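Annotations for this protein, taken from TrEMBL, read as follows:
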DOMAIN    54-153  domain 'MobA-like NTP transferase'
BINDING   Thr153, Gly169, Ser172  phosphoenolpyruvate binding site
Amino acid sequence: MRTDGDLAPDPAPVAGWSLVVPLKPLALAKSRLAGAVGDSLRPRLALAFAEDTVAAALACAAVGDVAVVTDDPVAGAALAALGARIVPDAPGAGLNAALEHGARAVRARRPRAAVAALNADLPALRPRELARALAAASAFSRAFLTDAAGIGTTLLCALPGAELRPAFGGPSRRRHSASGAAEILSPGLDSVRRDVDTGADLAAALGLGVGPRTAEVTAGRTAWARTAQAAEAPPATA
Ligand SMILES: Nc1nc2c(ncn2[C@@H]2O[C@H](COP(=O)(O)OP(=O)(O)OP(=O)(O)O)[C@@H](O)[C@H]2O)c(=O)[nH]1
Ligand SMILES: C=C(OP(=O)(O)O)C(=O)O
């Protein structure tokens, strides 16, 4: 397996990455959070995560533009107001088809764009950490960053001339590695890896420090997040 440690530590960073952020309809998004936060808060949290993710991405010096692939009208309006371009969720064939469609929409405007897929559930995302991840990715035609659990993927990057070839869903770290993408192994990228699928993930993100929209929705609920984390922890053994 190639790693970003195999090459010189400071590749010339690519400027102006185009990010593609996929987002399901809010009524369906973050279904694994329902048990921890309840069904009335879940769509609000899904939107807050997406808003904090997109705002941090747009504040990243290495990012030129952000396209969000979604059919959700509320999320589309909120994310467009932040400065994202909204791309319809076509062909309606799931996450990877949506990402391929988004990457094509980006390159229809800028054929030589460096493109990166970024999950919408990174409420602790820090622009400088994203810039470091993208700088590491600049050394490879395709590169990816695994999620906090080390099983999935939060970021998949393709330089100009390379197709994204997304294989997200479940154990996508293994699939992206098998597809020849280089794994980004730089330390200090916790906020880019910190996706939130469960109450325990949310507690971990709150521990890192979340963006303002997620902070607002979770305000006063820190104890609840800790309870969610405890409820999901495996039973203690004697
Ligand atoms: N546009 C689009 N985005 C999707 C689709 N499926 C998943 N996503 C997004 O892809 C990212 C990872 O998706 P998942 O983990 O499958 O879904 P999730 O809503 O985050 O969480 P769960 O419902 O708990 O699986 C999230 O940003 C989702 O909103 C899809 O069919 N179209
Ligand atoms: C879709 C993915 O994420 P999640 O953990 O949200 O399923 C993935 O990691 O490929």
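Here the Cβ of each residue, glycine as well, is placed from N, Cα and C on the backbone.
Mind mapping these onto the model and telling me what they sit next to?
Residue counts for the domain 'MobA-like NTP transferase' (54-153) under DSSP, split into helix (H, G, I), strand (E, B) and coil, are 41 helix, 20 strand, 39 coil.
Every protein chain shown contributes to the tally, and the Cβ of Gly169 (phosphoenolpyruvate binding site) ends up with 12 other Cβ atoms within 10 Å.
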Quick check: in three-state DSSP terms, what is Gly169 (phosphoenolpyruvate binding site)?
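Looking at the DSSP assignment, Gly169 (phosphoenolpyruvate binding site) belongs to neither helix nor strand, so coil.
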Please work out which residue of Thr153, Ser172 has the most C-beta neighbours within 10 angstroms of its C-beta, and give that one of the binding-site residues.
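That would be Thr153, with the most Cβ atoms nearby.
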